[in-house]
Amino acid sequence: MRNLSLIFLFCLLSSLSHAIELDFCVGDPSLPRGPEGYACKDPAKVTTDDFVYTGFRGEKTPNNVFGNNVTLAFSDVFPAFNGLGISMARLDFAIGGVIPVHSHRTSEVLLLVKGTIIAGFIDTNNTAYYKRLEVGDVMVFPQAMLHFQINVGKTPATAFVSLNGANPALQLTPTSLFAGNLPADIAQQITLLSHEEVRRMKRIFGTA
């Protein structure tokens, strides 16, 4: 038992020493991304600008069939997040706009800064947890749960989200089913939609 304790302590100290070898690891997106993220940019070439992201500035015009505009700040566009296990996004909704059912590899926390939305998630027991949110409200979406947001107010809405992963990924369920290369007959079988409904959805996404 004493030997096991010593081995555990050694492994812990080794991992800690590795973790503090660098103060940060600003990613270099010009290099391939590995399982742990991007390779570090040469610290001698890192500047203050590497730690500042300006992509959330200004007005964002909803620009798709869902009536939303999503501005991602993942490690591929904000390399300072590389290795830190965090990322962000800005969500802008037209009146009636939605972020359709989707999921990430990570958990998410949302802060509403403008408008009124209904936000929720569905757990693996198919229980839906949803609530009307007003400005200043915060909601958490647990890791990998299907979740959504709907603008139910009379004005556009804006929210900011933070995720506990530098590259949390984003998989929209409708897009996955109807905007990719999944054949219409398979989509029909796995969704219980009619052939006409599946074809209509594929036309919306330009894949009919």
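A Cβ is built for glycine as well, from the same backbone N, Cα and C atoms used for every other residue.
Note that TrEMBL annotation is computational and uncurated.
These features come from TrEMBL:
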- 1-19: signal peptide (SIGNAL)
- C25-C40: disulfide bond (DISULFID)
- 54-199: domain 'Cupin type-1' (DOMAIN)
- H102, H104, E108, H147: Mn(2+) binding site (BINDING)
- H104, E108: oxalate binding site (BINDING)
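Feature annotations (TrEMBL) mapped to structure.
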| residue | record | contacts (Cβ under 8 Å, 6+ apart) |
| --- | --- | --- |
| C25 | disulfide bond | G37, Y38, C40, K41, N82, G83 |
| H102 | Mn(2+) binding site | L146, H147, F148, L170, Q171, L172, T173 |
| H104 | Mn(2+) binding site | Q143, A144, L163, G165, P168, A169, L170, Q171 |
| E108 | Mn(2+) binding site | V140, F141, H147, V161, S162, L163, P168 |
(message) I want the residues beyond H102, H104, E108, H147 whose C-beta is within 8 angstroms of the mean position of the Mn(2+) site's C-beta atoms, in chain order.
(response) S103, F121, F141, M145, L146, L163, L170
(request) Grab the pLDDT values for the domain 'Cupin type-1' (54-199) and give me their mean, rounded. (result) 96
(request) Using all protein chains shown, find which of the recorded positions C40, H147 scores highest when you count other CB atoms within 10 A of its CB. (result) H147
